[in-house]
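Enquirer: Submitted below is the structure of interest, expressed as structure tokens.
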Amino acid sequence: MCGIFAYLNYHVPRTRREILETLIKGLQRLEYRGYDSAGVGFDGGNDKDWEANACKIQLIKKKGKVKALDEEVHKQQDMDLDIEFDVHLGIAHTRWATHGEPSPVNSHPQRSDKNNEFIVIHNGIITNYKDLKKFLESKGYDFESETDTETIAKLVKYMYDNRESQDTSFTTLVERVIQQLEGAFALVFKSVHFPGQAVGTRRGSPLLIGVRSEHKLSTDHIPILYRTARTQIGSKFTRWGSQGERGKDKKGSCNLSRVDSTTCLFPVEEKAVEYYFASDASAVIEHTNRVIFLEDDDVAAVVDGRLSIHRIKRTAGDHPGRAVQTLQMELQQIMKGNFSSFMQKEIFEQPESVVNTMRGRVNFDDYTVNLGGLKDHIKEIQRCRRLILIACGTSYHAGVATRQVLEELTELPVMVELASDFLDRNTPVFRDDVCFFLSQSGETADTLMGLRYCKERGALTVGITNTVGSSISRETDCGVHINAGPEIGVASTKAYTSQFVSLVMFALMMCDDRISMQERRKEIMLGLKRLPDLIKEVLSMDDEIQKLATELYHQKSVLIMGRGYHYATCLEGALKIKEITYMHSEGILAGELKHGPLALVDKLMPVIMIIMRDHTYAKCQNALQQVVARQGRPVVICDKEDTETIKNTKRTIKVPHSVDCLQGILSVIPLQLLAFHLAVLRGYDVDFPRNLAKSVTVE
């Protein structure tokens, strides 16, 4: 949903122009998450002394694209872009409207007052903001926006106005604020009262910190500092400890005595360091590959160029520190290259992405599968009584697509659940269930809530994600990283096929010791081996599919029909068309045709049917004849070796043959391409469809 980016340079001189360029570039890297407005907050004034400028915060906010914000920044007449800052914190945000319409006043950063004493950027939803707003209004604080976030900015100002001591730290104020908040949030704060300091925190929404320095860092594992006495508003003292040691002085900066020197992260030899706060790694990878992923209720503070991480209270299972991790992502992976859009690039990356999903895991010489993330739990999974796959959107369709092969190879009942419905029903979950959570981002709010629901009931939890360090990958007992590479386009393509392959690999791993399954396992593994080449063959049909799109783009609706392994393909193809073309589209189980959908069929209704040479072939042929009998003119996606269907149908898209349980990967790609070309012909932004976000981090 919303995108957070902040940049702090400490003793690394940067001009205001360079700082703003970094902030704008960070927002551009987060555009794929979906947004309707954007804003930046930075030090104003044109003094040569950075500390004087830090006492004046300037906000620039704009409805629309980041490009419009960039243009607005350069329109400022009274702003010297060449002023140099030795220390500076700038924060930036792309907003997805949840409370209040898209407008500059509702955009972030939100401010505490007209003097911009405190500003904050926020991703998430505060559920008790009305109560907080009512309280703050009773104390004389005036509100100018309709957002829930403004209550946070006003609340930190209230905490500051009512602090018990001049030495109360920025971190302490933020801790007091988040104790009052209910809901989900990732927050970064900036204040004129604490120049050069940044405080970030999260609960339920992702936040990471990138670190860049030319010098050796003091540690690669930051200990968590716990408050040894619960902080209360109006309390006289604040004490901190890490494993029994005090780690903070009264001003909130790190006490670097011999005992406490490892409680902060800082450059050992020099003070020069840069920090980047962001919603995800795509915004920081061009600056640094060293990052710290924050956990729920972490409060990260940068004071005097030193980073420390705090928590209000210790709970069972808390990890004692946060590791500095090295990202493997490369900048060119998130660039478009020679393609017109990220979605097009990601569709054409699928031959490589499925190889990356299988690399090091599938041995085609001895027909073995090794999923390292599941190795320690595979015996427990094999003893379970039921598999439950929980997901949303495209990830849900990946579960539906592989349900049949999972049931066949594991001989277990398999449920595939939409996360929101799963939670609404309070679905019974037992200790001998194994629950899978599928999410490209690893941050999908409903799926994450489902994970916590299942953990409370004692089930073994397995994550299937594309994002290292995501909430789902951290909170599950074990999992599989699909290794599809960064997916920027809002409409998921390569993540779907990689999730599909990952679940098939899991099914193969589950039955590796069953003699009765060996021939079937070998057949599927040979299919996996040939899959990348077959995907390339399907992609070579792009011109043919573009021609079909020119015939359909003026239509208002399209029906997609299939059954068996291809019901999920119908659902996924219809979703892609809905998402980026804004055409009504419906995925229909061909077995349900006579139970209502057949009434929609006439000579004007576009119909796409998927008919493959598998166990449902005869029934799909019956459905085809019913559509033709109602003057329907279906386009049939079929096996290129199916001469009967090709001969009896006027329009076909012929895909190569694969093993039945993998054929859905080859049949979905023409629908991905069709959706892409329809959107282009209709004049829409393929990567950023209206009203949609890449990562849905609120319920």
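Backbone N, Cα and C define each Cβ position, glycine as well.
From Swiss-Prot, here are the annotated features:
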- C2: active site, for GATase activity (ACT_SITE)
- T394, S395, S439, Q440, S441, T444, H595: substrate binding site (BINDING)
- 2-305: domain 'Glutamine amidotransferase type-2' (DOMAIN)
- 377-516: domain 'SIS 1' (DOMAIN)
- 548-689: domain 'SIS 2' (DOMAIN)
- S103: phosphoserine (MOD_RES)
- S261: phosphoserine (MOD_RES)
- 313-680: region 'Isomerase' (REGION)
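Show me how these features fit into the shown structure, please.
Expert: DSSP gives C2 (active site, for GATase activity) a coil state; it is part of no helix or strand.
For the recorded site, H595 (substrate binding site), the DSSP three-state label reads helix. The local packing around H595 (substrate binding site), expressed as other Cβ atoms within 10 Å of its Cβ over all shown chains, amounts to 10.
Across the domain 'SIS 1' (377-516), mean pLDDT in this model comes to 95.
DSSP assigns S103 (phosphoserine) to coil in the three-state reduction, outside any helix or strand. A C-beta separation below 8 Å, combined with a sequence spacing of at least six in one chain, links S103 (phosphoserine) to S37, K63.
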Enquirer: Where DSSP helix means H, G or I and strand means E or B, what are the helix, strand and coil counts for the domain 'SIS 1' (377-516)?
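Expert: Once the DSSP states are binned, the domain 'SIS 1' (377-516) shows 66 helix, 28 strand, 46 coil.
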Enquirer: Looking only at the domain 'SIS 2' (548-689), how are its residues distributed among DSSP helix, strand and coil?
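Expert: Counting residues by DSSP class gives 74 helix, 27 strand, 41 coil.
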Enquirer: What residue among the binding-site residues T394, S395, S439, Q440, S441 has the most other CB atoms lying within 10 A of its CB?
Expert: S439
